[in-house]
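The disulfide bond annotation in Swiss-Prot covers CYS56-CYS70, CYS63-CYS76, CYS69-CYS87, CYS78-CYS85. Summarising the annotation, Swiss-Prot assigns domain 'Agouti' to 56-95. According to Swiss-Prot, the feature signal peptide maps to 1-16.
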Amino acid sequence: MKILFVLISILHAVYCFSSEEDVDSAYLANELEPVEDINSEQYAALEPKEEHERSCADMGQDCKDDCDCCLNIATCNCWFGRYFCSCTFGDYQTCLRKKGKCKRNRPQSCPRSNLNRKKG
């Protein structure tokens, strides 16, 4: 099965390379006209600026401690002690802990679950 996969991969690579040469040779022989982008100047101002690093990490992104995670209830969960850390969902206690120790990305309010409240 592995050999079959390798053979198919090689055939696909050869096909892609040969079809690329056909397009290049046709272009050099003036059989294909180059496509001119009429609106290139119009969209020049709309190109995105370089992205700055965010001050907090979204769910699933790498983190070092709870204060790196964006959400109020997000916690930094690490495998094998301090390795392979990423932001995951926490709970109300996580929010309170972040409120006490974090100077940046400090939660303004901690959401409480409506499941435990008594009605009536």
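Heads up, the Cβ atoms here are built off N, Cα and C, so glycines get one too.
Swiss-Prot feature annotations superimposed on the structure.
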residue	record	Cβ contacts under 8 Å, 6 or more apart
CYS56	disulfide bond	ASP68, CYS69, CYS70, ARG104, ASN105
CYS63	disulfide bond	ALA57, CYS69, CYS76, CYS85, SER86, CYS87
CYS78	disulfide bond	PHE84, CYS85
Cβ-Cβ under 8 Å with the signal peptide (1-16): same-chain residues at least 6 beyond its ends: none
DSSP-derived helix, strand and coil totals, residue by residue, for the domain 'Agouti' (56-95): 7 helix, 16 strand, 17 coil
Disulfide-bonded residues: CYS69, CYS70, CYS76, CYS85, CYS87 - member with fewest neighbouring CB atoms within 10 Å: CYS70
